[in-house]
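Have a look at the structure below, then the notes.
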């Protein structure tokens with residue numbers, strides 16, 4: 001704690017602040033240097049904006065002042081562009097419920113989104129397949145462009161601007177943390193120094209500034225992280241022919257999973273996690289080769305079973321071992337004998353005709369988890385707290401889960417008249433979410449490692465595991481409901 | 001000696017009260033009335049002997065100061081006449097040894113994991129208790145500030161642990177405490193929050209000192225963890241009643257007087273585990289719910305709720321309980337019309353459980369409410 005205090009404590013610049021106050025007053029439109037905000041959310045991305053929105057629409061926060069700090073400029077979306085953005089997220093039904101609780105989901109529905117009802121996940125080295133299929137025709141998830149979500153959130157924030165102030169082009173450069181309990185004349189609030197020299201005071205600072213969180217670093221919270229030896233390539237693809245396109249596809253190749261998310265009847269979004277070299281190659285190769293690569297990756301049939309070697313520069317004709325073949329088939333017969341279920345016939349994803357120009361982008365992947373989510377007067381949400389591989393589509397949904405939990409705790413605290421920065425409810429939030437997130441992060445990491453290998457025992461293990469899960473309905477349903485996402489990126 | 005861990009069996013909230021100075025004598029002289037004997041069958045048997053000592057106590061008080069005499073005599077003559085105001089005495093309401101106890105810890109109020117941690121944690125029970133009961137009386141409450149428009153008096157506010165949450169809920173709160181240092185701490189703490197600064201007012205005084213100027217001005221009076229430090233509970237309750245508007249609420253949380261509370265609250269908490277500083281509580285001053293109810297009823301406050309509270313020292317959380325043998329909370333409402341008159345003799349003899357807020361308008365002493 002001493003290190004925490006010593007390392008990150010520096011005073012605000014009062015003289016400069018006074019001078020700049022006039023400048024910033026114009027922007028602040030009514031707020032003064034004496035305002036103590038109840039909550040400041042640092043970071044106006046999907047999770048930060050949604051947090052500010054959720055607080056702004058909460059009944060027990062009617063009397064409170066919330067501020068959202070966003071380093072970028074305000075994005076004005078007049079008319080929806082024809083071309084789809086290449087950054088999309090898979091929104092789970094739970095996240096959709098959160099978004100609809102403050103009215104953002106209606107805006108999204110009025111713009112564009114795609115619901116998917118089935119998800120097929122299969123192994124590239126064996127025929128193991130798992131099909132997630134909600135019998136009751138509920139949507140498993142929604143594929144929405146990130147820009148669309150952000151636009152909906154911005155509109156909702158504007159509607160509640162008397163309670164939530166949004167400062168664009170404001171980056172926090174320094175934080176001053178309070179002492180544990182008020183002694184002497186030290187201010188008990190968190191002081192935030194902005195780029196223009198002005199300072200803000202707040203009772204609770206929520207860090208939603210992404211996986212390189214400045215808030216987390218300033219607080220000295222340890223972050224367990226490592227980089228994967230993979231990058232993800234995203235692109236917007238045009239399908240060869242219009243289809244119903246309400247299925248999400250994911251195939252685990254040894255180099256990494258490749259996934260296709262439906263965007264419309266003729267468009268799908270690609271997320272291909274593969275090695276850095278291969279990813280760089282994919283992004284730079286010409287369109288036709290790229291499209292071929294995608295189609296092959298999905299379409300290689302079991303019989304000839306090309307398992308890509310680790311660097312994937314050569315297409316090897318190596319068959320996967322007969323041992324795995326027979327082992328897999330044996331399990332299938334056994335399962336069919338013991339428990340006849342409807343056969344999950346493996347289907348093929350739609351073939352791709354072309355790719356949108358300039359929509360091919362790559363970004364590196366890694367895992368990260370903050371050891372503490374909360375400190376006195378500080379809470380971390382979203383990627384600032386946890387960063388995950390996109391293979392299970394958890395990223396933004398975990399962030400929305402954090403929001404649900406934190407808003408619930410803060411709302412109850414506000415209704416009980418509690419100091420919002422008090423550790424008692426912040427610790428409850430942390431316990432809630434760490435339990436959930438740690439399990440999910442561990443599972444995702446395990447899956448990633450399990451499916452990155454071609455070693456026979458592990459391939460066998462995962463083959464059997466996948467087939468067993470597919471056969472045992474309750475397990476599948478549970479997985480379905482908890483992890484019914486495909487990819488989010 | 002001060003412990004300072006998170007464990008605690010009950011809060012050590014301080015409140016000034018009447019003190020006769022004869023602590024030892026008090027130790028075996030509970031201010032019980034004969035009505036007590038009826039209700040508290042399962043109390044210790046020695047509590048049944050009383051009458052002479054009760055008079056003894058009054059006698060002692062009489063010798064203490066002149067203003068006390070007045071109080072005593074008024075009690076004898078008319079318990080309460082609608083047009084006369086019973087002035088609570090002011091000089092001897094503060095117990096100097098209790099003051100010393102709390103003076104030493106005056107700066108520790110706001111350490112949520114320190115000596116006062118159980119009191120911080122008790123807010124999880126008492127704030128909703130107060131808020132929900134007050135909301136029943138408000139017709140259209142504003143979301144965000146549910147208690148706005150209410151005037152609340154927090155007697156024995158200490159460092160403002162309970163005052164601030166009520167201020168955040170929108171109420172205008174006045175916090176009083178006889179210990180200057182406590183008020184200083186409370187003032188200092190609220191000064192950083194501009195919203196609270198406006199809504200809360202602190203004064204270093206005892207309840208009796210402000211009774212005259214604040215008669216019938218408060219929608220609610222809260223005496224949390226206070227009545228177990230008060231010597232003359234009767235007078236204290238009277239003062240509370242006087243400052244309440246008709247129909248106003250009185251909220252009390254305190255410790256029951258049972259064998260269990262002695263074992264856990266005094267022996268374990270103070271002497272063995274050191275959870276509560278030694279000497280904070282005197283078992284004899286603990287008040288049982290029955291006695292409290294009888295005093296409340298005799299002062300025209302009808303008791304609506306009595307609920308038990310239990311502290312878990314391992315988790316640091318409080319829970320509501322059916323069992324009131326340790327801590328409990330009570331909610332009473334002042335009758336809307338000043339209809340109750342109880343003769344003084346009954347107060348002394350303790351016929352109080354018979355009293356309800358019945359009409360006895362504008363008459364002098366009436367002896368109709370006999371046992």
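Glycine too: its Cβ is placed from the backbone N, Cα and C atoms.
Noted in TrEMBL for the protein shown:
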{"type": "BINDING", "residues": "B:126, B:156, B:177, B:224", "note": "S-adenosyl-L-methionine binding site"}
{"type": "BINDING", "residues": "B:225, B:228, B:229", "note": "Mg(2+) binding site"}
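This view paints the features noted in TrEMBL onto the structure.
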residue : record                               : DSSP class
B:126   : S-adenosyl-L-methionine binding site : helix
B:156   : S-adenosyl-L-methionine binding site : coil
B:177   : S-adenosyl-L-methionine binding site : coil
B:224   : S-adenosyl-L-methionine binding site : strand
B:229   : Mg(2+) binding site                  : coil
Exercise. So which binding-site residues are near residue B:225 (Mg(2+) binding site), with CA atoms within 10 Å, out of B:126, B:156, B:177?
Worked result: B:156
Problem set entry | Nearest recorded site to residue B:228 (Mg(2+) binding site) by CA-CA distance, among binding-site residues B:126, B:156, B:177 | B:156
For this session: Taking the Cβ of residue B:126 (S-adenosyl-L-methionine binding site) as the centre, count every other Cβ atom within 10 Å, in any protein chain shown.
Result: 24
Problem set entry | Number of Cβ atoms other than its own within 10 Å, given for residue B:224 (S-adenosyl-L-methionine binding site) | 26
Seminar exercise, completed: Cα-Cα, residue B:177 (S-adenosyl-L-methionine binding site) versus residue B:229 (Mg(2+) binding site), nearest Å, comes out at 13
For this session: Whole-number Å only: compute the distance from the Cα of residue B:156 (S-adenosyl-L-methionine binding site) to the Cα of residue B:229 (Mg(2+) binding site).
Result: 10
Exercise. Which one, from the binding-site residues B:177, B:225, has the smallest tally of other C-beta atoms lying within 10 Å of its C-beta?
Worked result: B:225
Problem set entry | Site extent for S-adenosyl-L-methionine, whole Å (max Cα pair distance, B:126, B:156, B:177, B:224) | 19
For this session: Would you count the other C-beta atoms found within 10 angstroms of the C-beta of residue B:228 (Mg(2+) binding site) for me?
Result: 29
